[in-house]
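Reviewing the structure listed below.
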Amino acid sequence: MPTININKVDLERLSNISLSDKMIEDRFPMMGVEVEEIFEEVDKNGKKQNMVQFSINPDRPDYLSVEGLARGFRGFMGINTGIQEFEVLNSNIKVTVEENKTRPYVAFALVKNVLMDELVLESMINLQEKLHWAIGRDRKKLAIGIHDFDKVKAPFTYKEIRGDEIKFVPLGYEDEEMTPREIIEKHEKGIKYAHLIQDDKFPVIVDLNGEVLSMPPIINGTLTKVTPTSKNLLIDITGTEKEAVEETLNIIVCALAERRGTIVSVDVNGKKYPDLTPKSRMISVESINKKLGLNLNPGEIIQAVKKSGMDALYEDGNLIVKIPAYRNDILHNVDLKEEIAINYGYEKFEGKLPSVATTGSKDSVEKKCSAMSDLMIGLGFYEVMNLTLSNQDTLFEKMNLEVEEKDYIEVLKPASIEHRVLRTSILPLLLETLYINKHHSLPQKIFEIGDCVIIDENDTETDTKCKNIKKIAGAITHPLTNFNEIKSSTGALLREFFEDFEFENYEHPAFIPGRCAKIIKDRKEVGFFGEIHPEVILNFELEHPIVGFEITIE
């Protein structure tokens, strides 16, 4: 889970409450936020500061700043309950978006008269970086730019340019102008995120005079650098997924509004941002009590809803719940039930002993998986853990596989275009992991043990006709890797955990012909290994040879 370090005085100031260490340690965990450490540190002026380190659940990105965390705590403690309304003032600021295939979605907002100081600036920068990881997937899905609005002139243009078309001074360089191509070759951030630029097309945001605000997702310009004296902040979010871009903008502007900032709209190709209109969901009182094992009346439930920063109206056995725009974690009614449980008070729930005595033990398959993990680590591999949800592009298209829709399970209403399909294989996700880590040194040896989900029409035990299959997969990349290296690692694993296996030549679209073998046990195929085809390597935007294997455990 991501962690954030928060100045205790700043937290008290925003929470409108004096906080003892005991209160912090007792109350924050009850609202789902773990307290890792309370400590002292010396700031750059030599003064001691009381700090608190919190662990934040990934589903609460609005808690990744002191502003959002304090807002949630005020509600939890009953200081300010109900939905917090944020007024958005109209403006004539416009942004023209020209065609941009690399990062097609963009949203802007202006927050004026922010009460800025060193603490606020530090909090804002930390929130920006945490959101880059939590939602932006290290800027792959989205990137955030925050600018001193007073340094530029509207209107603005978001467009793609060639690598040598313009020059500007990037953040971190005081007076050295560079072209976009020079930035990705020389600048620290440019080198780190150069893999996000495609086909020598560089997205830029420029103002009326052609001054460069930003080259997303790489770097901002020095011209609009935010300082403790800045007060009017222009925020831009660019990315590959519209919903994530808009939700991230809402989180940031609402955090800055906690610093007395005034939110001002920006017209982006005819659409006004930000849109802070609350969402709504209907949920029955009966279903809430059934899930929580309680017998709460509507008034008690509404009180808990209001403490969570939402509003609710009771109507014919149901609650109509208003959800603020900065809450992107309320996807289903079960999420509302969790919020009600938290704000009713976990300490009020009573545990019940089961009527039948049972003795637990570790599942035999899990024991085997644990032993496999130890062996792979002993062979020099690093273990990774990916989500079971993926997408058709990663699982099939990049692997050169032709698969019909009936052969995999697709999510009806996915929260993200990257998480639309339940994975049927682990190896493609390992290649994606190598892509994410391509800027690290070689060799890289990774493995994963996890569930894949397949359709089984002959399954008579469930109504879904689906079942989980436990698999293990591994991948190695470096300039000299070859078939023998992956055969050696796979063989060591098989000799330890499988008996009476044999290899046969195998033609697999993702592997080089003649350099792939399938693993046979009891006359059934249980896995394969070999050298990844160069076309697949390029599909994942990788550069060095890769070998890999995948074996079905159960």
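Counting starts with 1 at the first residue shown.
Heads up, the Cβ atoms here are built off N, Cα and C, so glycines get one too.
Pulled from Swiss-Prot:
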type	residues	note
DOMAIN	276-351	domain 'B5'
BINDING	Asp329, Asp335, Glu338, Glu339	Mg(2+) binding site
Next item on the list: Determine, from DSSP, whether Asp335 (Mg(2+) binding site) sits in helix, strand or coil.
Entry: helix
Item checked: Other residues, Cβ within 8 Å of Asp329, Asp335, Glu338, Glu339 Cβ centroid (Mg(2+) site) -> Asp59, Ile330, Val334, Leu336, Lys337
Checklist line | Residue counts (helix, strand, coil, in that order) that DSSP gives for the domain 'B5' (276-351) | finding: 34 helix, 17 strand, 25 coil
Item checked: CB within-chain contacts under 8 A for Asp329 (Mg(2+) binding site), separation at least 6 -> Asp59, Arg60, Pro61, Asp335
Margin query: So if I measure Cβ to Cβ from Glu339 (Mg(2+) binding site) and keep only same-chain residues at least 6 apart in sequence, which ones fall under 8 Å?
Written below: Ala304, Val305, Ser308, Met310, Ile330
Next item on the list: Measure the Cβ-based neighbour count of Glu338 (Mg(2+) binding site), defined as the other Cβ atoms within 10 Å of its Cβ.
Entry: 18
Check: Among all the protein chains here, how many other CB atoms are within 10 A of the CB of Asp335 (Mg(2+) binding site)?
Finding: 16
